[in-house]
Amino acid sequence: MSGIDPKRFGKVAVLFGGESAEREVSLTSGRLVLQGLRDAGIDAHLFDPAERPLSALKDEGFVRAFNALHGGYGENGQIQGALDFYGIRYTGSGVLGSALGLDKFRTKLVWQQTGVPTPPFETVLRGDDYAARATEIVAKLGLPLFVKPASEGSSVAVLKVKTADALPAALSEAATHDKIVIVEKSIEGGGEYTACIAGDLDLPLIKIVPAGEFYDYHAKYVADDTQYLIPCGLPAAQEAELKRIARRAFDVLGCTDWGRADFMLDAAGNAYFLEVNTAPGMTDHSLPPKAARSIGISYSELVVKVLSLTLND
């Protein structure tokens, strides 16, 4: 697909593993990315920052990195800043886009100021009076609600709350993962979708139909009964407009090159954006490979396309 001489990429590190709650997902993503790059003849090697200092990248002659780290320092701008310091080109967003993209609270603040629709929400801080805040939030947002740590990915510690009595415990649990907790009004009626972004590729939307209550960690990476509908079933004009809004949701955060934007539709077909992902999973359950495969792009071709974006000025 790319027609790029593999030698142009030089020595490539596939960053994987790390120390976040998403380490196991990242290990799987990294190994598959490595195979995809090597299948294309690229000189790629695994590199786990949890086991080796980043300075080794420069010492060992790496000139480029495919970031398959998920969550934590791999996705919050820290790795990106270090790679900038060492002069190593890397996939995905830079420091600002990565930091904002992993922070659901500040993502939503930016979207509110730039006209990107997002569900109504409240924030709770670790140590707040959870019972009192729960009463206030239910009165303001109603039920059901989603409770999530502000800076975890892969739906780690995300809980759906259907009763007011269950909310204080959900707040307490989420606060063990992050000092800021997002409580979001549940958008019902139209389903969950994702828009995958990879440079100028026109990837189709995916409708996600989990067997359980919502698309949680188990549905994303373990279960085989989650349905991924491609095509998504929406009229072509509506799909095109939603992809346009998704790209805007990505761009206003300073995100670049590739990632995902997730959103819900209500019963009237209105979109509400939930989050972006600047270092999407690349496992056999992950969404970007599914979207690419549906239009005839292999896994190897997709990872080469993503890596090729690091050749741009």
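Residue positions begin at 1 at the first shown residue.
Here the Cβ of each residue, glycine as well, is placed from N, Cα and C on the backbone.
The domain 'ATP-grasp' annotation in Swiss-Prot covers 108-308.
Taken from Swiss-Prot, the feature ATP binding site applies to 138-193. Under 8 Å, Cβ to Cβ, and six or more positions away along its own chain, Val138 (ATP binding site) finds Leu145, Ala164, Leu167. In the three-state DSSP classification, Val138 (ATP binding site) falls within a helix.
Reduced to three states, the DSSP call for Glu275 (Mg(2+) 1 binding site) is strand. Annotation source Swiss-Prot lists Mg(2+) 1 binding site at Asp262, Glu275.
Annotation comment: Swiss-Prot describes Glu275, Asn277 as Mg(2+) 2 binding site.
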Are there any residues in the same chain, six or more apart in sequence, whose C-beta is under 8 angstroms from the C-beta of Glu173 (ATP binding site), and if so which?
Val147, Ala157, Leu159
Which of these binding-site residues is closest to Asn277 (Mg(2+) 2 binding site) if you go by CA atoms: Ala166, Ile180, Asp262?
Asp262
Whole-number mean pLDDT, the domain 'ATP-grasp' (108-308), equals 93
Indicate whether Ile187 (ATP binding site) is helix, strand or coil by DSSP.
coil
